[in-house]
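The block underneath contains the structure these notes are about, expressed in structure tokens.
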């Protein structure tokens with residue numbers, strides 16, 4: 001099967017059976033898992049004992065062979081098996097006069113290179129990009145542009161050139177933008193970098209949710225540590241939501257809306273997102289009608305809705321319309337907001353590390369299952385999992401957490417649970433700071449970029465302290481499932497730097513229009529809900545000839561993702577934007 005290899009164990013030891021166990025390098029402090037019993041060789045028939053097993057190829061494995069009698073370790077081998085490879089492990093004595101045992105790993109049939117489809121897909125998309133760039137350059141040649149004008153409607157063509165290549169003057173650029181404006185009357189142009197940032201995160205999220213070609217590095221980390229693509233996507237979405245809150249609220253208040261009117265809009269949007277998540281996005285109607293008995297209550301839109309409600313209401317309560325220095329705008333006038341966030345974080349720390357959890361050590365942050373040498377199998381997520389099971393019930397939580405594969409945990413655990421929502425509020429609040437900086441220094445790009453760098457460095461330093469720059473040994477490890485505070489500061493560090501780069505390329509230098517990520521970024525709710533609802537329907541999914549092929553999965557997932565980008569582009573051209 002995909003991500004597996006065949007291992008044939010040949011036991012040439014007479015009268016001594018073997019136990020084969022394995023340990024994955026991705027499983028921290030785990031117990032060896034039994035794979036097979038290998039019978040002793042038959043001396044009379046001169047036939048070795050054999051056993052065949054499937055081994056994982058995603059991560060390096062440590063194989064342990066010990067005798068079935070006396071449980072004596074005979075050999076230990078570390079090896080990274082290749083996908084669809086065929087291997088033999090031969091166990092024999094070096095000589096009849098000695099008890100020394102040799103274990104030789106032999107490659108019977110080489111593995112395939114499962115990463116070639118990624119290279120091919122990259123080259124295809126680079127080819128498409130090269131063609132588009134060549135077309136844009138040709139459009140700058142007067143005879144070519146005049147020929148296009150004769151074939152197309154001049155007004156539509158001008159609008160297309162302005163939106164794709166960037167308008168040669170400010171007025172044209174503003175006129176061709178069909179979206180509501182985020183700036184004051186002095187500078188009314190919408191920040192494309194925010195939509196591009198949001199769209200980039202959304203497109204990758206759609207690709208990952210569709211399967212990511214079934215590659216392990218496009219899946220969520222099983223527990224602590226390595227920040228794969230999926231681990232940072234939702235957090236970036238939360239971050240840019242906070243950034244947009246600052247710009248949107250400032251714009252509405254400057255246009256004369258009362259705070260009560262804005263508050264009603266905030267509440268309405270939040271309480272639309274939450275039911276959308278529970279009723280439309282979370283259930284899989286292909287498995288049957290909606291039932292309260294096993295309905296998952298937490299979810300992505302649910303967390304976004306509640307986080308938006310808290311952060312937007314907090315900003316509305318203390319928002320200001322004047323201008324001032326960096327320290328003033330980032331810290332001092334908003335000290336009540338910072339106190340509120342610090343109180344929330346204190347609650348998270350106290351509940352996480354001080355709340356008594358039955359049959360679990362206080363402050364436990366592990367995955368349960370076979371992790372921590374199997375001491376706490378039912379403690380997945382510690383206090384976070386316990387609170388969800390207590391308040392929501394096990395049947396209303398996510399039933400297949402990412403820790404279930406590597407750590408073999410059996411307890412339900414929801415990565416969008418109650419306790420983690422506190423830190424998603426912190427994440428959005430840090431994004432809010434980016435929005436304030438962008439708003440207050442809208443005519444000073446150097447000031448904006450320098451402050452993004454400062455915030456990124458500060459967040460990075462905090463992360464380094466909390467994690468001790470290690471995967472497992474820090475005070476608070478980086479953990480997407482728990483939404484640990486170190487995860488929030490690390491993702492915020494990356495978000496500030498990424499937003500800085502996109503802002504510089506798109507809004508300052510205008511070297512990049514933001515396409516194609518700009519389009520889904522301007523219709524993010526529609527694309528997110530649509531890709532979830534239609535995930536199992538053609539043309540986003542079809543029956544494969546070989547379901548064990550990364551190439552077929554990658555083709556299907558990239559096709560589905562590209563279709564949503566095309567759909568968002570068509571909606572952009574028709575000025576259709578779904579706002580809540």
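Using N, Cα and C of the backbone, Cβ positions are placed for all residues, glycine too.
What TrEMBL says about a protein is an automatic prediction, not a curated fact.
Record features, source TrEMBL:
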DOMAIN    190-328  domain 'Heparan-alpha-glucosaminide N-acetyltransferase catalytic'
TRANSMEM  115-141  transmembrane segment
TRANSMEM  197-217  transmembrane segment
TRANSMEM  237-255  transmembrane segment
TRANSMEM  267-285  transmembrane segment
TRANSMEM  300-318  transmembrane segment
TRANSMEM  338-357  transmembrane segment
TRANSMEM  418-441  transmembrane segment
TRANSMEM  448-466  transmembrane segment
TRANSMEM  486-505  transmembrane segment
TRANSMEM  517-534  transmembrane segment
TRANSMEM  554-572  transmembrane segment
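Within the chain carrying the transmembrane segment (300-318), a Cβ under 8 angstroms from the stretch's Cβ atoms is held by residues 234, 237-238, 241-242, 245-246, 249, 259, 262-263, 266-267, 269-274, 276-278, 281-282, 333-334, 336-337, 340, 416, 420-421, 424-425, 427-429, 432, 528-529, all 6 or more beyond its ends. Across the domain 'Heparan-alpha-glucosaminide N-acetyltransferase catalytic' (190-328), DSSP classifies residues as 101 helix, 1 strand, 37 coil. Most Cβ pairs under 8 A with the transmembrane segment (448-466) among the ranges 115-141, 267-285, 486-505, 517-534 are made by 486-505. Counting C-beta pairs under 8 angstroms (sequence separation of 6 or more), the transmembrane segment (115-141) fails to reach the transmembrane segment (418-441), with fewer than 3 such pairs. Within the same chain, residues 117-118, 121, 178, 199, 203, 206-207, 210-215, 516-520, 522-523, 526-527, 530-531, 535, 539-542, 544 sit at least 6 positions outside the transmembrane segment (554-572) and bring their C-beta atoms closer than 8 Å to a C-beta of that stretch. Taking Cβ pairs closer than 8 Å, the transmembrane segment (517-534) reaches residues 179, 192, 194-200, 202-203, 205-206, 209-210, 237, 273, 276, 280-281, 300-301, 540, 560, 564-565, 567-569, 571-572, 576-580 in its own chain, all 6 or more past its ends. In the predicted structure, the domain 'Heparan-alpha-glucosaminide N-acetyltransferase catalytic' (190-328) carries a mean pLDDT of 84.
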